[in-house]
């Protein structure tokens, strides 16, 4: 009888009788900054603005293939693997599980920036124990694969040769090694490292790996990073559910470089759209707050692949030279063209931008007129989508809206009213076409030249 009584005793059931079910509190939300084109939109600059009053700044995907330049007090800092918020002495920088880490690259980057004045970074950096490691042979393989592609197809992907793709390949084929493996039993790690190296050598006959030399270095790096490593899932959970905190997520690469949604195969090997934030940090979607898309006032692309609004002419040259369009990571000349709103709308469909940052508006100051790509035509017919297939994307014709240039210097503008009416019209046109407000307009290199509109 006692068993029945227990089962009828409503008080033993949470939520039964007079007891309220525990209400799930969402906790703090993260603010996300993502590239809305092919990268190099100026994400670092927006991060820098928001990082000054953030408590935690996170990276969730990619590796040191990203390049962010931040100018503080006249000093230019270059970040590849570090969140660019590492400059903020009051904030914690977190490298999430979705990031792939080349340890020599991490310390080289630290040294370079220390020489410029970065202090105590190791006290502010936390690394997820689940992040995968980029080995030197991954980088070598990256280069060898590119040579192979060039020989077989006469074209390459335009990789940064930082070993990112091969590392994500190891991760997907479940042979990769993580930070937690490096910090556990080193004999076990060494055995798995040797297997992984041999596996790559069997695929690439001319790949040389100094296994013992590498392991010696890795053992040294293990001790250097040990104090910085935490279980990333628990770290993020505490950050979200502890005291109120401002948490910023700095996306690397951009929407059209996303492994799923980008211009495949000319993409990177991770998700650089909003989904990568959840998988790369181990947080639920309800903790994603504002998502800011960063878009340049024109379009650039590094390496090969379709680029519908590209201008291989005087306009392209003006944008390239005025915009100093050279890659931070590769030093390669960027291809330039008109602003493409088909791409921007597509990026918004995937990411759900709550607002945009429109950067480098000042580069357009000298132009007599501007064109904005508003639709694609295929065989003379308007198509209502962004084509997935690269051969089709190569064939589209762009429908342009032509707008008169403002022909005046905007670099001194610090508020909306300082901008010429025609520049204001250009911005409003973008907002109305995409249906997302522009929150910042960039008219120069410094922090002060980001005009905040609301």
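Every residue, even glycine, has its Cβ placed from backbone N, Cα and C.
So that you can see what the record holds, here are the features copied from Swiss-Prot:
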type	residues	note
REGION	1-24	region 'Disordered'
BINDING	39-45, 67-69, 334, 360-362, 442-445	GTP binding site
BINDING	40, 328, 329, 330, 331, 332, 333, 334	substrate binding site
ACT_SITE	40	active site, proton acceptor
BINDING	40, 67	Mg(2+) binding site
BINDING	40, 41, 42, 43, 65, 66, 67, 68, 160, 174, 253, 268, 332	IMP binding site
ACT_SITE	68	active site, proton donor
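Between the alpha carbons (Cα) of residue 69 (GTP binding site) and residue 331 (substrate binding site) lies a span of roughly 13 Å. Counting other C-beta atoms within 10 Å of each candidate's C-beta, the binding-site residues 332, 334 are led by 334. DSSP gives residue 40 (substrate binding site) a coil state; it is part of no helix or strand. Of the candidate recorded positions, 68, 253, 333, 334, the one lying closest to residue 39 (GTP binding site) when CA atoms are compared is 253.
According to its DSSP assignment, residue 361 (GTP binding site) is helical. Of all the binding-site residues listed here (67, 253, 443), 67 has the Cα closest to the Cα of residue 332 (substrate binding site). Of all the binding-site residues in the record (40, 160, 253, 330, 333), the one with the smallest CA separation from residue 443 (GTP binding site) is 40. Neighbour density around each Cβ, counted as other Cβ atoms within 10 Å, peaks among the binding-site residues 65, 69, 330 at 65. Ranking the binding-site residues 39, 42, 67, 331 by how many other Cβ atoms lie within 10 angstroms of each Cβ puts 331 at the bottom. Ranking the binding-site residues 45, 330, 331, 333 by Cα distance from residue 65 (IMP binding site) puts 330 first. Most other Cβ atoms within 10 A: among the recorded positions 45, 68, 333, that distinction falls to 45. For residue 160 (IMP binding site), the Cβ neighbour count at a 10 Å cut-off comes to 23, with all displayed protein chains included.
Looking only at the recorded positions 67, 68, 253, 331, 334, the one with its C-alpha closest to residue 42 (GTP binding site) is 68. In the three-state DSSP scheme, residue 69 (GTP binding site) falls into the strand class.
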